[in-house]
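For reference, the structure discussed in these notes is given below.
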């Protein structure tokens, strides 16, 4: 057992008790205890079920409330089997402990006790817990809490609650075992682990409370060197974000820059161990080439190679931290950027810092960790004050290397950029220190919670996860790294033994357990950080996490097989590969083939574990939880200091995983809030769910009473009354809500709904108080049966009124017809989706958005139909209620008159007449459906026992003799009531059908002919105001009747809307939206808005010649050019703006917010211009454009010789988008100097003899591999601007295609630019080296020659530039860019002006 679980008492005589200490005094984990002379329980290990319950308990949330305290203390009571538990928190300001308790019959109160009194105060000041067998014998015992709780404590167990910094934040107490024994050592283990869990929950709650009010300050405190210009603002739907990679790759492929060599290195199974040094150096070159970093930062290839070799030379030949590790981390960083979507958020500066930092992050590592250097006080530890020792050394080595002129790859960057880069690289390399792991995770997670990261933090995270990515690689590669790190660990362990130091965890050869080490590393470090990053970059899930799960299963399987050493692992793999162990580890030495796996369930402890983990007994269940898995990082030999560090690290990680800032939302109910609430309630009232409930309730109200009388019995009336009452409540709620939130409701339909609701009251027995005549059989009092008479009449009158009221309820069915229409429309849309016909969706949705005109007309028709039906039913009801003679009444009256005479003969006659009356009416027949069951007042009473109890009041008819009210009879009219109910039910169905059909028939024609077209027009205008670029073809009606005015109006509105879209373009979206949505007067002069966009400008060359030759047909020519241009621009995500005769302004708007750099859009803009250039070339001469135009013989031959050419300029920046003009004439366009720069770039193409020029700002936005094909043309200032700008050309052709025979002009130019070898050598030009670069046929190497020439031009060494350009043109004579630059140098005499600053003014517009 660990030292903190096995306690050996060292007895000392004491009056009240005996002090107990651990056998290894001074070690952390000891217990200080007081107990009496009674024997302490010797139970030393946890019950497996109790341990499982403890591990499954997740103390996630904590708040200062009686409910929270009760929940956690009850759990602890169950775990410890004790009578009472308390959790006290520290109030540092008042220097006291406090808790929440229930006293005095369940009342809750906050209880305080001083921190300097009692046993609890002793726990606050010590590291470990306190165990006392009999507190009554302790002089420090304070019984205040016992007195409040009316409780007597005997045995006592307490444990301090500490935050990650080790500060006491509370005390956990347990009192009195339920079995009257003392607390055992096993109980102390439970208390210790529970205390860790509850401490984490308390600490998290305090952190969240701080975060709630300090979000911004907390972010900046965590975010070192936070640069607002590098902020990444995340969207709520981040997880569902579709990366632009696919479109990016498509555009790059179309531009011809997706080289095969690049696809070869974009592989996660790239194995650096199998590569030579030359191949690894070429890998570094390919990565920089793919990201376009050579051209972007003007990095010389020779300097780059020297830098790479110097960094590689700085790595020591250690088993793991060698140059292979540097290249591997660099390559994995590149994969995160290029294949996982990180490139969407990283600028070239960030990519450069990541790749350079990755290669150099462990340079100089000697195979010993920082802890070893700090313990041994090595020279490095002294130099760097034991702070990130090896990381500081690597960063220093990197910048010592770049300080050498032959290795300075940052030479061409300006001072401010180099300073920023140095700070960023140092920060990133220091963040790879293992001690910074949880801090970095916390910063990153907090940034995601705040929806704002920085590119610097993302760069640090990419480098860090690349550094620990070995378990996420394919299994054969991951295994190699695992063997290497184990070998390096053992080397340090051997050195620690040699120096007499404690061996660090997992570094002792005698206790090797490679599967466990790898499993712990994956579970505690790799899995959490990769899952966190996958929330931001979802492609990590596919590329990395699946491999990690497979590798975790591989090591888990070896662990279950008790294969622990590296040698045994290799043997097992060999057996698997040879087939002898097939199926055990996986085919071909690989991991088990699993589709997915929860890493939280993968870890199992080895079966032959020699030493238990501190705090976890040996007989604990082997299936570990999340917490016990993290504790597996603790050393096998039970190093307590390492255990404490692991515990702190665990808490920090838990805090980082749960720092959810709490946000309190307060609603202020002003006028706008009330209006919003009304709209929400009205929308809910019209919702399908509410309408369906009300439909069912209305149907019930219509037929329930009739069905009850027809087929029900008296016993079910009580339940029906309750249901009817619920329906009444629903009707009432709907009525109240409608009054509150439905405009213009307090009119016709309000009164109908009110009457319909009130009509339900007579049907609710317990509301109207139906008299219960049960038990009155044989009653002979006039008063009782008088009440029965009145009840019967009221019931009949209520039934007649109810039938009329049901008509009013039918109105609800009419108003819910739209629910039925929606259901039909829903299934129709589904059928159209299956058939692929989406064009009708918009039309079907019109039915659900009725216009005011349609609503008024429909309601008017419905009102008239309702009034007509009500009038008809009332009329029928009046005719039905006309009085008719009743033979039973007159016969009973005759019998009453006879009964009043006293002669014997009359009495006998009366008796016979009475019996005849009884016999006739006691049996039901077709002529007489009523049944006599009681007769009173004639020679005694006639009563059928039990009959009265079985009948409802409405089923009883009382008939009295007109001449003598004391003579009366009771008839059973239940059969008649059933027939009446049946007829009423059928009448309800008929009236329902009649009302619905009449409403629909009367309104259908009006709706189809007038209302629906109006609603569609309104719908078109409304949709256009919401989305000015709505695809109107979907709303266009196919079969237009020219004789139907509404069809003509509808078609005209659609055409006008389409003309608005074409005329105003994207810049006029606000004009269209504002004026269509505003019911006021026309106002085309809407305020402008600032946007970020890509601006393209193109111009038709020699347009004057074309105009003179084509005359009126020039419009056809221009429109064909416009058609080609606009098509490709729109396909690429842009929008045409101005058409100025021979010129076009084109715009690609960038998203206003978010951190994505939208590189795919930049690539697409460039791709669209390249496609336009290709299409124009394919069209050939001007005559080819004029097929079908009027033949102009005078110009035909000239037109055939005229080749159509265009110039293009691309730039990006801000602009003001809006309307320009007046209320007489307005244009929607953009105002900005950046728009003018695009125009000037296009104009400059004539001077530089290329079809396309791009600004440096635009080129920076391109993807890295597209930038590779962008070549600098010049550095200039444009007219109206003093800011120098490098301009670029896109090389659509490979350099090999630029070879050929020079034309006469180039030959003459080269003759005038003669140079000799001596002058070249004097300038440092090595012709042999240049020849080798040309011979390599590798684009990045060939381009280096031009880049050197351009750099010489910028530096003012025009003589050297001349030599390099001449060599370049001798090899590639078809390159117009180099020829123009050489021509400029020649005109200046190959000598830079005295005031040369690396740029010149481009005076022409």
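Placement of Cβ uses the backbone N, Cα and C atoms for every residue, glycine included.
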Pick from 915-936, 937-958, 959-980, 981-1002: which range does TrEMBL record as transmembrane segment?
981-1002
Residues flagged as transmembrane segment in TrEMBL, choosing from 865-882, 883-900, 1009-1026, 1027-1044:
865-882
In Å, rounded, how far does the Cα of residue 325 (AMP binding site) sit from the Cα of residue 361 (Zn(2+) 1 binding site)?
10
Enumerate same-chain residues with a sequence separation of six or more from residue 324 (AMP binding site) and a Cβ-Cβ distance below 8 A; give 'none' if the list is empty.
272, 273, 280
For residue 518 (AMP binding site), what residues in its own chain, 6 or more apart in sequence, show a Cβ-Cβ distance under 8 Å?
471, 482, 551, 555
If one measures from the C-alpha of residue 321 (AMP binding site) to the C-alpha of residue 361 (Zn(2+) 1 binding site), what distance in angstrom results, rounded to a whole number?
10
Starting from the Cβ centroid of 325, 361, 362, 467, which together make up the recorded Zn(2+) 1 site, report each further residue of the same chain whose Cβ lies within 8 Å of that point, ordered by sequence.
321, 326, 329, 358, 365, 394, 432
In this structure, which of the binding-site residues 362, 467 has the fewest other Cβ atoms within 10 Å of its Cβ?
467
Grab the same-chain neighbours of the transmembrane segment (719-742) for me: Cβ-Cβ under 8 Å, and only residues 6 or more beyond its ends, written as numbers and ranges.
677-679, 681-682, 685, 693-694, 697, 700-701, 704-705, 708, 712, 750, 753-754, 756-757, 760-761, 763-767
Within 10 Å of its Cβ, which one of these binding-site residues (323, 325, 361) has the largest number of other Cβ atoms?
361
Chain-internal residues near residue 322 (AMP binding site), provided their CB is under 8 angstroms and they sit 6+ positions away:
315, 316
Diameter of the AMP binding set by C-alpha atoms, the set being 321, 322, 323, 324, 325, 362, 467, 518, in angstrom:
22
